[in-house]
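Peer 1: This is the feature table in TrEMBL:
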type	residues	note
REPEAT	47-88	repeat 'WD'
REPEAT	89-130	repeat 'WD'
REPEAT	131-164	repeat 'WD'
REPEAT	200-241	repeat 'WD'
REPEAT	244-285	repeat 'WD'
DOMAIN	340-584	domain 'COPA/B second beta-propeller'
DOMAIN	611-767	domain 'COPA/B TPR'
DOMAIN	815-1218	domain 'Coatomer alpha subunit C-terminal'
REGION	867-895	region 'Disordered'
COMPBIAS	870-886	compositional bias 'Acidic residues'
Amino acid sequence: MLTKFETKSNRVKGLSFHSKRPWILASLHSGVVQLWDYRMGTLIDRFDEHDGPVRGVHFHKSQPLFVSGGDDYKIKVWNYKLHRCLFTLLGHLDYIRTVQFHHENPWIVSASDDHTIRIWNWQSRTCISVLTGHNHYVMCASFHPKEDLVVSASLDQTVRVWDIGALRKKTVSPADDIMRLSQMNTDFFGGVDAVVKYVLEGHDRGVNWASFHPTLPLIVSGADDRQVKIWRMNDTKAWEVDTLRGHMNNVSCVLFHSRQDIIVSNSEDKSIRVWDATKRTGLQTFRREHDRFWILAAHPEINLLAAGHDTGMIVFKLERERPAFSLSGDSLFYVKDRFLRAFEYSTQKDTQLIPIRRPGSNTLNQGPRTLSYSPTENAVLVCSDIDGGSYELYVVPKDSYGRGDMVQEAKRGVGGSAVFVARNRFAVLEKSSNQVLVKNLKNEIVKKSPLPIATDAVFYAGTGNLLCRAEDKVVIFDLQQRIVLGDLQTSFVRYVVWSQDMESVALLSKHSIIIADKKLVHRCTLHETIRVKSGAWDDHGVFIYTTLTHIKYCLPNGDNGIIKTLDVPVYITKIYGNTIFCLDRDGKNRPIIIDSTEYIFKLSLLRKRYDQVMSMIKNSELCGQAMIAYLQQKGFPQVALYFVKDERTRFNLALESGNIEKALESAKKIDEKDHWYRLGVEALRQGNTGIVEYAYQRTKNFERLSFHYLITGNLDKLSKMMKIAEVKNDVMGQFHDALYLGDVRERIKILENAGHLPLAYITASVHGLHDIAERLAGELGDNVPSLPEGRKASLLIPPSPALCAGDWPLLMVSKGIFEGGLDDTGSGAQEDYEEAADADWGEALDIGEVDSIQNGDISMVLEDEHVHEENEEEGGWDLEDLDLPPDADTPKNTQNARSSVFVAPTPGMPVSQIWVQRSSLAAEHAAAGNFDTAMRLLSRQLGIKNFSPLKSLFIDLHMGSQTYLRAFTSAPVISVAVERGWSESASPNVRGPPALVFNFSQLEEKLKVGYKATTAGKFSEALKHFLAILHTIPLIVVETRGEVNEVKELITIVKEYVLGLQMELKRRELKDNPVRQQELAAYFTHCSLQIPHKRLALQNAMTVCFKAQNLSTAAHFARQLLETNPSNENQARTARQVLQAAERNMRDATQLNYDFRNPFVMCGATYVPIYRGQKDVTCPYCSTHFVPAQQGQICNVCDLAVVGSDASGLLCSPSQIR
């Protein structure tokens, strides 16, 4: 049984396959109808309108409809395209067991617990017939696939066959009135549409299911007496043929297979049984652990079955349909109908060679699985699953081509898989001992070879080599030298396809394809959602493969695409040019012609064969959005340009590839403001002033145009712009142009016309135009503005232009293959610019008054620069030809000539050097022994200057990343690098990072030890542990970003404890300074500690302050202590007593430098509070705060870094560098 798809759900009571699409309907005991795509394994839709279990469901053969019937007495007809119920048929008075559409007429048949069967017309939505006769629940009813019959099964222990011929006659409208009259009479007086033809009695209990054979006059039924019965019928009678016994409980469903001569039944005994319909014997049984089976469905077209059980359903096949085949030169050898056949590709001739014995046992799936052929000996190995895996060796007689009737005895043997590895040797896998037996053609063992991995199949991998498959990897094994030549991690490989030259291999899994070279070095992996079926290599090195639904290609870099859609699955055997030869499931050879243009084109691009790309573009119709997108994505917008007919896309691609001429062409055709603007921007970027100017003219963008003339120094045009602005009455533009030109009189005139007389007067006065100034002063009268005293005016002169000589100089580049070969538009483009330059620009602006303005002098330097091939200067290096004799024997330096002198191989790069080059992590540099670079890194990253605490750690790291091997007594020991994360499967040439003796989990352990010591009051010991953590952290390496954050968090935690403990130890030294003692105890409570430690610190501060008669401060600590809800009753009681005592006398005996209301941080050196708003400096590593006086000192807390120095931050993971 080959399970293709499985679902988990409520109990499945009804199933129906769609005739064309890969869909199945499942109706559930919960009232839901599910629609699944069994090929993709996805739930497409669910229909949820029935109340209570839905027991019957059926797809219409051609319409987008299905029908369902349930325990709510309703039959519903649904349209799955509209996702809704169209109508409900009411009439049954009890649960509905099954529903089914008629294959031709618009009828539905339904069976119900109300003892009746009803036939409905779903077009008129009426009940057209009620079949009565059963006297118990009717468990199922179905139409005959061809004739006018209905079969029904009931718990009254009978199976009935009904003739509904009269119903068909009635629905076909009668031709003449007489007929119609007689029909009306029949209707009126209650004529009968359906009559019982046979009643089949023989079951001892209620019958659950009965169904017709698709072509023969047979019926099969299953019942609660645990038996399956076969019945035959003719025109007059029906009788029992045989009984199949074997089920251990009620038989729920039984049916004939549509394409094989078998019967499939399932039962509440949790099994599905397969029976031979002619021999009437059991073939196979499939059991489930806990689920009773309720329903079966067979696909109308293909070899699929489905079964519904208590917790879902399965879609399955009984036998594999892939023919076993093997390729040899121009011939294909394959097995069909128990004959070995050969197919020649060149002549397309198919010959029958020899018969292959039938399997002795009558179970399913015993056909040949694989074939292996030795061309020189003309021998064939046929492997199958008989006896848990066995092979047969046939030698094809030379003269039997075309006769194929010689029966010969095969040499047999047991083995997982067998395959030829040389001319007359084949290898057989012996799974039990995990070894390969090499045998000769007499079937005698020549040699045994144990395998390097637990192998469950072997494949050919070149002469003398085997490809061994395990669950999750494959290896190539050399049988002669008994060594592994290559290995690769893969998902479970089903088929292996080698290229013609044995340089590449494709490993096909169920949903993926891995392409590798002959040493199994990985090249690319493809994933498919639909199952991969077969594949072959074409002459260009492209892998062509099939899924259930498509033929696809895969390029060497992993790009893939669809070539053709398939109606039925096929198995590719060989590819010649544009013809794919394949075998279908019926064992027929089919040539399929494909269009390979797309993938050849992509391959040529990939291999940079641009001449081929050129000719393909010119000759083929390769266009479409997908191809354009592909070219753009691969960085060839200039190629995509030649595919595109749509001007807007052309414009975008031309801009992207910087082809300004093509963009101009398209912009003219589109002629939209937005496109001209974008063209202007790109032309400006390239410094093509002519096109910039033209684009600004087309968009009438006067401000930009004026500015453009200013920076290019085109003052004549700028003065024309000023006149245009005047005509357009654009005062601001006119004023700007006058400013750009430095034309003072024009500016005064503009200001005067605009009514700004004071400004006009000032401008005239400043620039020394006294006659105009006097005239304006007269007009202004008393309002003459005064000029500021003592200021010296300077003249505004327009800047000198950035570029006067037209376009920017461009680098000379040789024309790309595409521009040269595909530019059919180069010549036309030039004329366009000429036309652009000579256009009478005044008219385009609709300015009638400014006729005089011409635009003839916009020069556009767009000539193609021609590179002169000839050198102008003769000579150069005077190299004359030497007159050598024609056949002077020049000895060639042959690489292969063996020298008699031994040449020592060049030493490789030391591992420590590789580690240092690859890494920016200080720990890895220290491990490599490069202490100076490690120190430099730590200094740069964390500002560390005092390295004495780290010395021993550096030495440990270096020692721990090496191991030492003893060589000879006289030779020194050999040091071997120890790598982090090393595994046997890793490539020997790739160096991993060094193994480090310190890791993060050790620090966590140390932290716990520190906590314990703090709780026990062993402060010096705890301080030692916390400092050790702070000193180790710079040399820790972790993998993920999340762990990096944990490391940074650890620094903060440890720093708080170190600072707190240092203050507490300092407090204990001060015996004779009670004020300072109280302050330090108070500051200790402000370190971020764990809750138990916080309570102890609070209790300590409270006690010290209370004893010194600072009752107010002691009360504050008591309150805080009580807020932590201390679990220790003594702590709580003491705190409450302190509070009571303090409330009587709320005062402090001495003034402390401590204000708990004002937030502060502690200075790590002087232990004084730095209140919010005061200046401070921090340690770049542990981020402890210090008073500014400590700048440049070594940090007292971590004892490593310099306070206030610059640092880039902690780097402890490769993920930070990526």
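Any Cβ shown, glycine's included, is placed from N, Cα and C.
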Peer 1: What residues elsewhere in the chain lie close to the repeat 'WD' (200-241), defined as a C-beta under 8 angstroms and at least 6 residues from its ends?
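Peer 2: Residues packing against the repeat 'WD' (200-241) from afar: 136-137, 139-140, 142, 144-145, 149, 151-161, 247-256, 258, 263, 265, 267, 269, 275, 277, 280.
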Peer 1: What same-chain residues lie close to the repeat 'WD' (131-164): Cβ under 8 Å, and 6 or more beyond its ends?
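Peer 2: Same-chain contacts beyond the ends: 94-95, 97-98, 100, 102-103, 107, 109-113, 115-119, 193-201, 203-212, 214, 219, 221, 223-224, 231, 233, 238.
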Peer 1: Is it possible to list how many residues within the repeat 'WD' (47-88) are helical, extended or coil according to DSSP?
Peer 2: 0 helix, 24 strand, 18 coil
Peer 1: When DSSP states are grouped into helix, strand and coil, how many residues of the repeat 'WD' (89-130) land in each?
Peer 2: 0 helix, 25 strand, 17 coil
Peer 1: Take every residue in the repeat 'WD' (89-130), average their pLDDT values, and give the whole-number result.
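Peer 2: That region's mean pLDDT is 94.
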Peer 1: Could you give the number of helix, strand and coil residues in the repeat 'WD' (131-164) as assigned by DSSP?
Peer 2: 0 helix, 20 strand, 14 coil
Peer 1: Using DSSP, what is the helix/strand/coil residue split across the repeat 'WD' (244-285)?
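Peer 2: Here the numbers are 0 helix, 25 strand, 17 coil.
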Peer 1: For a three-state summary based on DSSP, what are the helix, strand and coil counts in the repeat 'WD' (200-241)?
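Peer 2: Final tally across the stretch: 0 helix, 25 strand, 17 coil.
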